[in-house]
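These notes concern the structure reproduced below.
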């Protein structure tokens, strides 16, 4: 087998941070001059998370090729340089759909189609396809869910078979939670022991155990886990809850020397590079910075940070690059007291979303930002909010609305894109993936990008109605970015405002700690100026 495979499973509880761990491992392996690919296997039966409730699943991360994926792929992107695509994700829904399609085509030659071998073979095929597409030195495969869940069994069986056929090129890392019982005054290893027993019962003997805990585990606890789980002592690793930032994770894993263990286990030839640049960034995140801004984040799901995970991280990236800390204030658009909080903000961001709930509250927020000169950044739906507010209160089109919110509105300044009205399915039918955009020179957006053409990722089915664009531009709403054919409005700016920009795409998906997105930098710069009560030119 021309590549090596690391399988990352989780036990005891969900939400252990396997995605962050996988992303951090990718960074460490890349720093050893290895080419890394990543694959997330999700056991749920949905074809993708595109139609799932953000409260249950968090944000939907979109790749360049237009695949709606798990938020963990966002972590993969932010920590590493791994290329992510349709080959980087698979769900039970997709696996079963592939098998059923083959059965209907007669490709199983009359066999009784079963979980073993047909579903498991298809999972193995997905792993091989990912490796074939990326040609990596190391493929990291994260298995979603928790060992013991019935949904995970086909994936674990597929991994068992894969390891059996390619033992020398595979290693299995099992991540568990080691709780601290305050009443007993000690940490408990029994949940980890039972989780490993469950995994061994399936036929997978983990090569290493990664223990998550609230505080560092004593050596005697590691030795106990080693003994009872039949894993070498030097293969029991520990990560604790991060104190300041998720970006501490690679440094923690590096201190545990897990990447060294992996390269020795898989007999990889490596060239070690230091993490000094990463250490410097994390050190700055830990320290007080000379500037501080308060950013209001207005959305339906703001109490659940994972619903806007990439937005939170992109703000952090941009702020750090400007020697600034950003306090993000979650603002519910249905809260009648939102405006009192907004008055204390140095900037306001309205992210993407769907549905009428909170719509009018967001429009009121946009109006307040426009009238009081508060920097405003509208993303996807947030741009549509900006346009509708402007049409209502500057053009005095009182009934202006989006047809998503009012299908019978007499003034549809935002409407369905051509071809969308004929679609009956909801999942995977939006305008998805990376598309080029042409920028107008001499604008704030152009100043931020320093380029006349960009490419950004989209996830929408509504657009600014081209019929109203001449009126909007006449009254000071500038269309500063459009599709190459000129038919789609992609970016708007409000003239005579410090910084009020709306974009139809999702710039947060491209931001990294090491490469903040230019629009987020521009937004935070405007917020810093606002915080200093600077008069704009």
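Even glycines carry a Cβ here, placed using N, Cα and C.
The L-glutamine site recorded in TrEMBL includes 55, 353, 381, 382, 383, 384, 461, and the single candidate from 30, 327, 334, 404 that the record places there is 404. When the candidates 223, 224, 255, 257 are compared with the UTP site entry in TrEMBL, which names 14, 188, 189, 190, 191, 192, 193, the shared residue is 224. Residues 15, 16, 17, 18, 19, 20, 242 are recorded by TrEMBL as ATP binders, and the candidate that the same record lists for that site, out of 70, 72, 306, is 72. For residue 224 (UTP binding site), the spatially nearest entry among the binding-site residues 17, 142, 461 is 17, judged by CA separation. Taking residue 381 (L-glutamine binding site) as the reference point, none of the binding-site residues 14, 17, 150 has a C-alpha atom within 10 Å of its C-alpha. Averaged across the region 'Amidoligase domain' (1-268), the predicted model reaches a pLDDT of 94. Residue 506 (active site) sits 41 Å from residue 191 (UTP binding site), taking the Cα positions as reference. In this structure, the recorded positions 404, 508 were compared by how many other Cβ atoms lie within 10 Å of their Cβ, and the smallest count belongs to 404. Annotation for the binding-site residues 17, 19, 191, 353, 382: lowest Cβ count within 10 Å of the residue's own Cβ, 191. Just so you know, of the recorded positions 18, 188, 190, 461, 506, the Cβ with the fewest other Cβ atoms around it within 10 Å is the one at 190.
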